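Structure record follows, encoded as structure tokens.
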Amino acid sequence: MKKLTIGLIGNPNSGKTTLFNQLTGSRQRVGNWAGVTVERKEGQFSTTDHQVTLVDLPGTYSLTTISSQTSLDEQIACHYILSGDADLLINVVDASNLERNLYLTLQLLELGIPCIVALNMLDIAEKQNIRIEIDALSARLGCPVIPLVSTRGRGIEALKLAIDRYKANENVELVHYAQPLLNEADSLAKVMPSDIPLKQRRWLGLQMLEGDIYSRAYAGEASQHLDAALARLRNEMDDPALHIADARYQCIAAICDVVSNTLTAEPSRFTTAVDKIVLNRFLGLPIFLFVMYLMFLLAINIGGALQPLFDVGSVALFVHGIQWIGYTLHFPDWLTIFLAQGLGGGINTVLPLVPQIGMMYLFLSFLEDSGYMARAAFVMDRLMQALGLPGKSFVPLIVGFGCNVPSVMGARTLDAPRERLMTIMMAPFMSCGARLAIFAVFAAAFFGQNGALAVFSLYMLGIVMAVLTGLMLKYTIMRGEATPFVMELPVYHVPHVKSLIIQTWQRLKGFVLRAGKVIIIVSIFLSAFNSFSLSGKIVDNINDSALASVSRVITPVFKPIGVHEDNWQATVGLFTGAMAKEVVVGTLNTLYTAENIQDEEFNPAEFNLGEELFSAIDETWQSLKDTFSLSVLMNPIEASKGDGEMGTGAMGVMDQKFGSAAAAYSYLIFVLLYVPCISVMGAIARESSRGWMGFSILWGLNIAYSLATLFYQVASYSQHPTYSLVCILAVILFNIVVIGLLRRARSRVDIELLATRKSVSSCCAASTTGDCH
């Protein structure tokens, strides 16, 4: 079979991702485009004659970049297409918005690259009384047009057949430009590098005349002739860029008049009716908060019901199973405990997180695909404008509920570097799925019937602190106003099950692989440091271990937030959590249960793997039956409690160590707000600079320590009023000094707002050699 590389390109909300998932299924690989941290998705699929590599390009409305303030997505798409890596392009077009989508189509066809138009969302178009003549559209465009309903898989086989039959586009003159424009474009094309095809040279010439700033990187000497060409054109027309765009829109209007009845189209009545409520200025925000709470409640509820299968099952396989192998093969006791507690305990920490995190990703994917997330950004626009940000900056922040890494990377969709940078600084405060696992454990141990409310309050606190961080930046080192907010609101539709499953699986797989490696390694090292003293002797009591000795020295620093000296395990959890937040649960589980594991006698004769696995399945089934009972719906944390006996096990020890719900909640505040995990730090450094990464770390530590201290000292004021008053005043005074210093430093850091463009500039410079892909 021949190998074929295809670029998949289209407008945002055209169904491009759904089509990508339909074609490639689970055969996907996610990486980054060279030079920038924009996500690059590739997938594999086969047709009758070809083995296809499908590259999912970022959604974009056009290939023209008028300003360096523009989104990175347009630049990446343009660079890839001009690199020549794609043998064929599939342009996904939204049939219900044909006129707007055809602007990108015309630009692609003018390039002369073989192209197939995938006319998607025909079901939505039909509901709006839109009729499109497919054959007439294909004839006018000079390329195949394949009707699709990607959410239902309709038209996929026809698209694969068109891929096998692909050929050069018919030589149809689509756009009738003014003759002076063509003359100047041809004159620029003559001095461009000869290895660029003639059609692409003329296209680049038109792009330069239109004001595209990145086409000059490909034009060679032609860029030196641009000013003279524009001067000659201005003697004959007012604005060359306007004439070019107008010629394209006239062509699009002529095509639509012939092939469709868009003038008699009817808007979606359902979408219009729902938007009157969802976008209401008074109801919009409460509805958004309710949707977020419902998402959290269902994730905790259903995920908690599935937890026994992963928890009890992993204990049977990786803890008791390893112990059985160790005793059967006569391993030394220390080795058996080390493997069971380190390796087995690490795996047992990762797997129980899967149901709740998976449910969270599933519901996020549902909200994104259904069209609600765009409405959430619109609802939050007024609040974001107060921060000097456009409403669409809230979209990457919402993604942070799943993971902060794509939240940071999602800032690339914003137009201005200042807006990107502010959003990046706010993103780490959004409570990710890994933090949810920590909150659920603490809620079950300390808050009982109020567990759901406690966890929801932490989610809201994260949003509030992100907003306050934005306000702080706006009035200190990042003064400025938001760009006008224009955003397309897609019609509501029911997401395709296959697409939801694939998106959830891709996110969950990345989480498990990333978290699993770190948790297991950390658990093994913690077990080792728990087994030896500072002098190198083996210890029977973890309180005499090297880890305990070192941690006790550091723990007094956290006394103001309610971590007592004998609770050194909590200090270790904070340090390991800097690697990955999910490691906090693994660390506390390993340390709080260490003594119990060492003291327990394991009888290999009584071990029955089948019986333990059956117990896990039975417990899961019972939990699922009870999941939607009224009592569980009112208190979803109980469904995921996982350790019913509070006097024994990790949760019992944790309850004793913290001593009060106030101390536990203060600890959770610190976990929510302090240092981002390593992967988020790396994303911040790549998207902005190391300096801004350092600022994010220091600001997060300050906010976490300050807020946790204020909460705990106010909550425990009656126990030690003098100490509490000193701590409160010290925190307030320190933050006044910090804000004052940031205001004075404003003039020194403005230049750094361009940091997000450095990697793009290098990518653009490398594009002529084909390296920007």
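A Cβ is built for glycine as well, from the same backbone N, Cα and C atoms used for every other residue.
Per Swiss-Prot, the features are:
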{"type": "BINDING", "residues": "G10, N11, P12, N13, S14, G15, K16, T17", "note": "GTP 1 binding site"}
{"type": "BINDING", "residues": "G35, V36, T37, V38, E39", "note": "GTP 2 binding site"}
{"type": "BINDING", "residues": "D56, L57, P58, G59", "note": "GTP 3 binding site"}
{"type": "BINDING", "residues": "N120, M121, L122, D123, V149, S150, T151", "note": "GTP binding site"}
{"type": "REGION", "residues": "1-274", "note": "region 'NFeoB, GTPase protein domain, binds GTP but not ATP'"}
{"type": "TOPO_DOM", "residues": "1-281", "note": "topological domain 'Cytoplasmic'"}
{"type": "TOPO_DOM", "residues": "303-308", "note": "topological domain 'Periplasmic'"}
{"type": "TOPO_DOM", "residues": "330-343", "note": "topological domain 'Cytoplasmic'"}
{"type": "TOPO_DOM", "residues": "367-382", "note": "topological domain 'Periplasmic'"}
{"type": "TOPO_DOM", "residues": "404-426", "note": "topological domain 'Cytoplasmic'"}
{"type": "TOPO_DOM", "residues": "448-452", "note": "topological domain 'Periplasmic'"}
{"type": "TOPO_DOM", "residues": "474-517", "note": "topological domain 'Cytoplasmic'"}
{"type": "TOPO_DOM", "residues": "539-663", "note": "topological domain 'Periplasmic'"}
{"type": "TOPO_DOM", "residues": "685-690", "note": "topological domain 'Cytoplasmic'"}
{"type": "TOPO_DOM", "residues": "712-721", "note": "topological domain 'Periplasmic'"}
{"type": "TOPO_DOM", "residues": "743-773", "note": "topological domain 'Cytoplasmic'"}
{"type": "TRANSMEM", "residues": "282-302", "note": "transmembrane segment"}
{"type": "TRANSMEM", "residues": "309-329", "note": "transmembrane segment"}
{"type": "TRANSMEM", "residues": "344-366", "note": "transmembrane segment"}
{"type": "TRANSMEM", "residues": "383-403", "note": "transmembrane segment"}
{"type": "TRANSMEM", "residues": "427-447", "note": "transmembrane segment"}
{"type": "TRANSMEM", "residues": "453-473", "note": "transmembrane segment"}
{"type": "TRANSMEM", "residues": "518-538", "note": "transmembrane segment"}
{"type": "TRANSMEM", "residues": "664-684", "note": "transmembrane segment"}
{"type": "TRANSMEM", "residues": "691-711", "note": "transmembrane segment"}
{"type": "TRANSMEM", "residues": "722-742", "note": "transmembrane segment"}
#### Entry: C-alpha spacing of P58 (GTP 3 binding site) relative to G10 (GTP 1 binding site), in angstrom
8
### Query
Helix, strand or coil: which one is K16 (GTP 1 binding site) in, per DSSP?
helix
### Task
Indicate whether D56 (GTP 3 binding site) is helix, strand or coil by DSSP.
strand
### Query
Among the binding-site residues D56, D123, whose Cβ has the fewest other Cβ atoms within 10 Å?
D123
### Query
How would DSSP class V149 (GTP binding site) in three states?
strand
#### Entry: Interface present between the transmembrane segment (664-684) and the transmembrane segment (427-447) (three or more C-beta pairs under 8 A)
yes
### Message
Can you tell me which parts of the same chain pack against the topological domain 'Periplasmic' (367-382), counting only residues 6+ beyond its ends and a CB-CB cutoff under 8 A?
### Response
13, 18, 271, 275, 278-279, 281, 284-285, 287-288, 291, 295, 390-395, 398, 485, 487-496, 499-500, 503
### Query
Against which stretches of its own chain does the topological domain 'Periplasmic' (712-721) lie, if we need a Cβ under 8 Å and a gap of at least six residues from its ends?
560-562, 660, 662-663, 665-666, 727-728
### Message
I need the neighbours of the GTP 1 site defined by G10, N11, P12, N13, S14, G15, K16, T17. Which other residues of that chain put their C-beta within 8 angstroms of the C-beta centroid, in sequence order?
### Response
G59, V92, D94, N120
### Summary
Cα-Cα, N11 (GTP 1 binding site) versus G59 (GTP 3 binding site), nearest Å, comes out at 5
### Task
Have a look around G15 (GTP 1 binding site) and count the other CB atoms within 10 A of its CB, chains all included.
27
### Task
May I ask you to report the DSSP-based helix, strand or coil state of N120 (GTP binding site)?
strand
### Query
Are any of N120, L122, D123, V149, S150 (the binding-site residues) within 10 Å of K16 (GTP 1 binding site) when you go C-alpha to C-alpha, and if so which?
N120, S150
### Message
I'd like to know which of the binding-site residues P12, S14, M121, D123 sit within 10 A of G59 (GTP 3 binding site) at the Cα level.
### Response
P12, S14
### Message
What are the sequence-distant neighbours of N13 (GTP 1 binding site), meaning same chain, six or more residues apart, C-beta distance under 8 angstroms?
### Response
G59, D94, G371, A374, E488, P490
